[in-house]
Ligand code: NAD
């Protein structure tokens, strides 16, 4: 079938298998062109199929020669419906990894469930023995609690009072003002239950109790802080409360793991176009302006560049580790540089529909968005007939 993008707001309901494979290949090539990392050898990535999790799996495998287990929630193709992008990405990843002689396994299902945790533990026991790095990169709108069976939904809202700011419809290029009403207390609690650290802690506890965490194992999860203008909707909003919980969890896990020489961190990453970030009001306009400024200054990085830097400079540096023992690693340092932020803020006050293509990188945003689903990728013939049914080699 001929696969074209079909968008509904910030969602694209189709994905292109060859485009996704090409995107994965480009990330693999980037990592292979960098100096090798003396890093982990057996890695579990939870939330491994897109965005920062996929970049982590690729960096571990092709930067450090690691065997990997990826856990993710994606759908296979069915009839005329294409698979989701994460499915095609993972199929391409597995092929590349196996061609390189690396072991790789994919577990498709709900990472929040006990069943998927047990299946992952059994797989690690059978195939790898232990893992020495666990990356937790799940971004989800809902979570069913494994013990109580209660389903929680996360919302992206301010806390305390309504918030008004500029936002962007990146399809049309229209800049308008949006007002978001504050979250209720229950919405804050539910967002923390979905995006806070509880599930990460459960993973580490269960892996540890099952004896599949190697001596000295490291774990890392991802967070965001961002500039003043997005604080009300992000860092001081519902999602920020969840990130506070995640960061607190890192301290607890560090206490637990350090008894065996292990470590737990939260890495604060740069704002980038992913399926999750495109759903947050205000953020796509901020990212478009940020991209333009960072590209002009030669500072722009994508997911794979960010994660390669995280591994090679922070988690597994060649020389002495610069980590100061605090649970937070900042790879958002270039985004938060004073000169970058000053320029973005200057543009922010002027941004409107008439000047958005001049002051912000709307084209770059759109390109990144469509590339998430395997579209707008050089070297792919989008008029050609392709089979949407693609198997993931080592999937359970
Ligand atoms: P993403 O949407 O690209 O990836 C989310 C991953 O989670 C996918 O692999 C998906 O399959 C998986 N997933 C979702 N629900 C699942 C479930 N129930 N079971 C198993 N897997 C599930 O998101 P992302 O932007 O890469 O976000 C990853 C982390 O990075 C999040 O913690 C996010 O807050 C953080 N982060 C993102 C940005 C950004 O700008 N995108 C910046 C800093 C930090």
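Glycine is no exception: its Cβ is also placed from the backbone N, Cα and C atoms.
Annotation comment: TrEMBL describes 2-78 as domain 'Trans-2-enoyl-CoA reductase-like NAD(P)H binding'.
Here residue 110 (NAD(+) binding site) comes close to 73, 116, 144: these same-chain residues lie at least six apart in sequence, with C-beta atoms under 8 angstroms from its C-beta. Under the heading NAD(+) binding site, TrEMBL lists 47, 48, 49, 50, 51, 52, 110, 111, 138, 139, 243, 272, 273, 274.
The domain 'Trans-2-enoyl-CoA reductase catalytic' annotation in TrEMBL covers 81-316.
The substrate binding site feature in TrEMBL is assigned to 224. Taking all protein chains in view, 20 other C-beta atoms sit within 10 angstroms of the C-beta of residue 224 (substrate binding site).
For residue 234 (active site, proton donor), the same-chain residues lying six or more positions away in sequence with a CB closer than 8 A to its CB are 156, 224, 226, 240, 280, 283. The active site, proton donor annotation in TrEMBL covers 234.
Candidate recorded positions: 49, 234, 243, 273. Those with a Cβ under 6 Å from ligand 1, in sequence order, are 49. Helix first, then strand, then coil: DSSP counts for the domain 'Trans-2-enoyl-CoA reductase-like NAD(P)H binding' (2-78) stand at 30 helix, 16 strand, 31 coil. Secondary structure at residue 273 (NAD(+) binding site), taken from DSSP and collapsed to helix, strand or coil, is coil. Taking Cβ-Cβ distances under 8 Å and a sequence gap of 6 or more within the same chain, the neighbours of residue 243 (NAD(+) binding site) are 195, 196, 223, 224, 235.
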